[in-house]
Amino acid sequence: MSISHSDTVLIIDFGSQVTQLIARRVRAMGVYCEVVPFQLALEGMQRIKPKAVILSGSPYSVIDEGSPRAPMEIFEMDIPVLGICYGQQIMCVQLGGKVASGHEREFGRAFLEVQENSALFEGVWEKGSCYQVWMSHGDRVTALPEGFRVIGTSKGAPYAAIADEKRRLYAVQFHPEVVHTLDGTKLLQNFVLKISNLKGNWSMASYREQTIAKIRQKVGKSRVICGLSGGVDSSVVAVLLHEAIGDQLTCILVDHGLMRKNEAQEVLTLFRDHYNIKLIHVNAANMFLNALEGEIDPEKKRKTIGRLFIEVFEEETKKIGGAEFLAQGTLYPDVIESISAIGKSVTIKSHHNVGGLPERMNMKLVEPLRELFKDEVRSLGKELGLPEQFIGRHPFPGPGLAIRCPGAVTREKLEILREADAIYLDEIRKAGLYDEIWQAFAILLPVQTVGVMGDGRTYEFVCALRAVTSVDGMSADFYPYDMEFLSKTAARIINEVRGINRVVYDVTSKPPGTIEWE
């Protein structure tokens, strides 16, 4: 479901790991942008009709035979173009300059000396000064195309920043999109808002209006089914669709018995009672827990839950009858990855979602969030008036508590885990830390230890606590709680939850660990 935007930046992706970061920086300025892989760049230009283009970095070498190039048309369209890292090198090569393997490779922190004032540096960096940037290159430009001048140099790159201001072509060897390049975001703002003269008037309010109109146009009088879990994405999808088509929407909450304490009831209260959304609550806990009985392999647990979810959802949809559309909370990173320049990354864990449903059920898709990043989905949720407890909540996996219960899952262990997790999150909120943490949760380990309570000996489970900080979940650091917080939280869990006599804190970063334990 594509939406038209008058001022759009096209980002051509050559496979950089930080291409999405460029897009997020541009979106944060209030300017809409799209990422397209280099193979589809020409089609993207014709479809989007961009007002500016950014060429990303890449793991490729410009020198290698068959390495990707940008369509020559972009340099002939009389629109501003910014090349970053590999993007700088192909701009130079394609316009008549030269690139060679550098004797000194630059990876990580470097320093750029500003040689000339430029519209790209205006109000940010001054001639004669030196600034920290982030480099990641082995090749480097050795000769400039006609019309370009050097505006910045570094120890390993004599042409670290270049410009042809008459044609509004700019290129840098460093990465302005990463936080390690000081004031890099301001350089991008200069390119997008000043050099390209884009207005910065794209907002969640305008996205909401345009998306509602598109939903109505696409769906017409047809009925739509939406799987609702209470997570951020499905909650925003449900409320947005309900605003667009009202009672044509029916939501299904598949309660697999693996949700957090009181979670199912909170979802029912908000969406059925407050929003008056047609919501079917399917209590399938016995089915799921019986199927999981005795299973200790985490991948098999995930696949069992995913398979049963599809079966239950499909059965409920048949009971409703007559629905033509299935709503999904597909986000923009999913879209980018599915058509990425390099291809999808290796699967570390199976992802539990409804990806297999449309084919099985012969339904059309409606994906109102497919142009948004996660932080933008939260902003849209605020625009729609969703409570903070839903839009600000930490990520929760589709398989639920089953993967926070390593080993075999039982009803008893789930109840113990629910209580411990609720106490942990309560203490985090009381300490005012919830919004500082990307994700926090308890894990009930398949290990029992000896303890002493009162005059008696205990032999009960170990509870691990996990909390991480992250920007996008791709990498994460453990949260550095003070010992007083950990001591208080551990004491509450041990005193209030029957079945736990020991609490530990996980101080593993990602990588090498993953955020979830299974």
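Using the three backbone atoms N, Cα and C, a Cβ is placed for every residue, glycine included.
As recorded in Swiss-Prot:
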type	residues	note
ACT_SITE	Cys85	active site, nucleophile
ACT_SITE	His175	active site
ACT_SITE	Glu177	active site
BINDING	Ser229, Gly230, Gly231, Val232, Asp233, Ser234, Ser235	ATP binding site
DOMAIN	8-201	domain 'Glutamine amidotransferase type-1'
DOMAIN	202-393	domain 'GMPS ATP-PPase'
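Locations of recorded Swiss-Prot features on the structure.
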residue : record                   : DSSP class
Cys85   : active site, nucleophile : coil
His175  : active site              : coil
Ser229  : ATP binding site         : coil
Ser234  : ATP binding site         : helix
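Within 10 Å of the residue listed as 'active site, nucleophile', judged by CA to CA distance, lie the following recorded positions from the set His175, Ser229, Gly231, Ser234: His175.
Applying an 8 A CB threshold to same-chain residues 6+ apart, the list for Gly230 (ATP binding site) reads Leu253, Met259, Glu263, Ala264, Glu266, Val267, Phe390. Take the mean position of the Cβ atoms of Ser229, Gly230, Gly231, Val232, Asp233, Ser234, Ser235, the recorded ATP site; other residues of that chain with a Cβ within 8 Å of it are Leu228, Val236, Val237, Gly329, Phe390. With a 10 A radius on its CB, His175 (active site) counts 23 other CB atoms from all the protein chains. Fewest other C-beta atoms within 10 Å: among the recorded positions Cys85, Val232, that description fits Val232. The number of other Cβ atoms within 10 Å of the Cβ belonging to Ser234 (ATP binding site), over all protein chains shown, comes to 23. Asp233 (ATP binding site) counts 20 other C-beta atoms within 10 Å of its own C-beta, drawing on all protein chains shown.
When each of the recorded positions Glu177, Gly231 is scored by how many other Cβ atoms sit within 10 Å of its Cβ, Gly231 comes out lowest. For Ser229 (ATP binding site), the Cβ neighbour count at a 10 Å cut-off comes to 24, with all displayed protein chains included. The CA atom of Ser235 (ATP binding site) is located 35 Å away from the CA atom of His175 (active site).
Comparing Ser234 (ATP binding site) with Glu177 (active site), their Cα atoms are 30 Å apart once rounded.
All chains included, 26 other C-beta atoms sit within 10 angstroms of the C-beta of Ser235 (ATP binding site). When the Cα atoms are compared, Ser229 (ATP binding site) and Glu177 (active site) turn out to be 34 Å apart.
For the domain 'GMPS ATP-PPase' (202-393), the mean pLDDT of the prediction comes to 86.
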